[in-house]
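Asker: My questions will all concern the structure given below.
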């Protein structure tokens, strides 16, 4: 018996509602169900058409006035007890999420759970939420890696319909999957080396030995390295573009966009240098060239093509924009509050460097992020107390969203590793053969037809081959058994 359940005997004048839930039949007073009109059973009594009734139950018998529900009959006892007592108790034998789904189906809010079960229910729900988060993340990683692998296989199938499809397919696989074969690994290592060489050359070019009063000095060695790197980047992008199965999808890939952006500054600088000789506005052209040269730093993003960690970081930031937004919001509020407070107590001290609110913004930023350069600091006692509070609040504010972001990064990192493992096999996986199609109705009809034919072959005439009367079949079986017995006796 359900905890708190009691027997309710309807009055003689009360109309009963017949319920059949998974084979468990119960008659309930209408007044009992109407105590909670917003639940499923309460809404059922307000329906005025059969269509409306069938939207709330699985079936309805007009003759018996009985409502059928294909739900858990054991849990329905708890639901029925809720209508009698007004309190819902948790079914211990049922999973907490299944229980939640069941009461949601019946339209019962969790707020009706009695106090004796509420705390235990919430604890089990939170505990299962944590377990479900880990399991769901692993399942999502596996499922997503399988889906992306399936997308990659579909892209490979497109090459069969393209011109020079097999050649383009081989090139595409080696360019996209560094672990596919030895040649693919060599291409990936070469590309990574060129990216690192380009970054090193850019950093060396900024040293004082390569600077003069007019600007940078064109060193022939560094210039040769730059041209060689750009030639490699351009050739790599061109090969990927030519071998791609779909041009539109190619330009939607962020990694391909990064490859294109990384070579734009070089060619734009060449164009500006060419026009600089013909243009009179040399100063403005020089600034444009400097800006374009600074854009070469975007080449470091090309490492994302060869780094699982960078791709995971990008996916984490893309899917954690809510947490990142909260982090920025918390920091902005804290910086605004503490900058005004520190300014109000430090402005009258002539030895303090916190003389304006914008300067206090900088101080509050490096204090809340626990960087603490030391270039600006409070000198008064009240200012130091405010600074201590600012640092403590900064630690708490930054730590809260960072934990969530770190957990997501771990999951996406594992997902990217699963994708790389799935795509590193030398031979694409074979397609699973399609399962044979069987029509059970046709098979049954063929068996019945064969049975009727066998009856005719032994001298039994079936008057109506399409008849499905069970009595006629039994009579035929008796005749068939009698004929068989006579044959055996004769032998």
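Backbone N, Cα and C define each Cβ position, glycine as well.
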Asker: Per Swiss-Prot, is residue 245 on the side of the membrane where residue 384 is?
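Answerer: Going by Swiss-Prot, residue 245 and residue 384 are on opposing faces of the membrane.
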Asker: Pick from 124-152, 153-181, 385-413: which stretch is listed in Swiss-Prot under transmembrane segment?
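Answerer: Here Swiss-Prot associates transmembrane segment with the stretch 385-413.
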Asker: Among the recorded stretches 221-243, 322-343, 385-413, which has the greatest number of Cβ pairs closer than 8 Å to the transmembrane segment (183-204)?
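Answerer: The stretch with the most close Cβ contacts to the transmembrane segment (183-204) is 221-243.
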Asker: By DSSP, what is the split of the topological domain 'Cytoplasmic' (307-321) into helix, strand and coil residues?
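Answerer: Taking each residue of the topological domain 'Cytoplasmic' (307-321) in turn, the totals are 13 helix, 0 strand, 2 coil.
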Asker: Cβ under 8 Å to the topological domain 'Cytoplasmic' (244-254), counting only same-chain residues 6 or more beyond its ends: which ones?
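Answerer: For the topological domain 'Cytoplasmic' (244-254), the sequence-distant neighbours (Cβ-Cβ under 8 Å, at least 6 residues beyond its ends) are 155-156, 158-159, 162, 168, 172, 314.
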Asker: The topological domain 'Extracellular' (344-357): which same-chain residues, six or more beyond its ends, come within Cβ distance under 8 Å?
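Answerer: Counting only partners 6 or more residues beyond its ends, the topological domain 'Extracellular' (344-357) has Cβ contacts under 8 Å with 363, 375-380, 382-383, 386.
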Asker: Grab the same-chain neighbours of the topological domain 'Extracellular' (378-384) for me: Cβ-Cβ under 8 Å, and only residues 6 or more beyond its ends, written as numbers and ranges.
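Answerer: Counting only partners 6 or more residues beyond its ends, the topological domain 'Extracellular' (378-384) has Cβ contacts under 8 Å with 342, 345-346, 349, 351-352, 354.
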Asker: What parts of the chain pack near the topological domain 'Cytoplasmic' (307-321), using Cβ distances under 8 Å and only residues at least 6 beyond its ends?
Answerer: 254, 301, 404-405, 408-409, 412-413, 415-417, 420
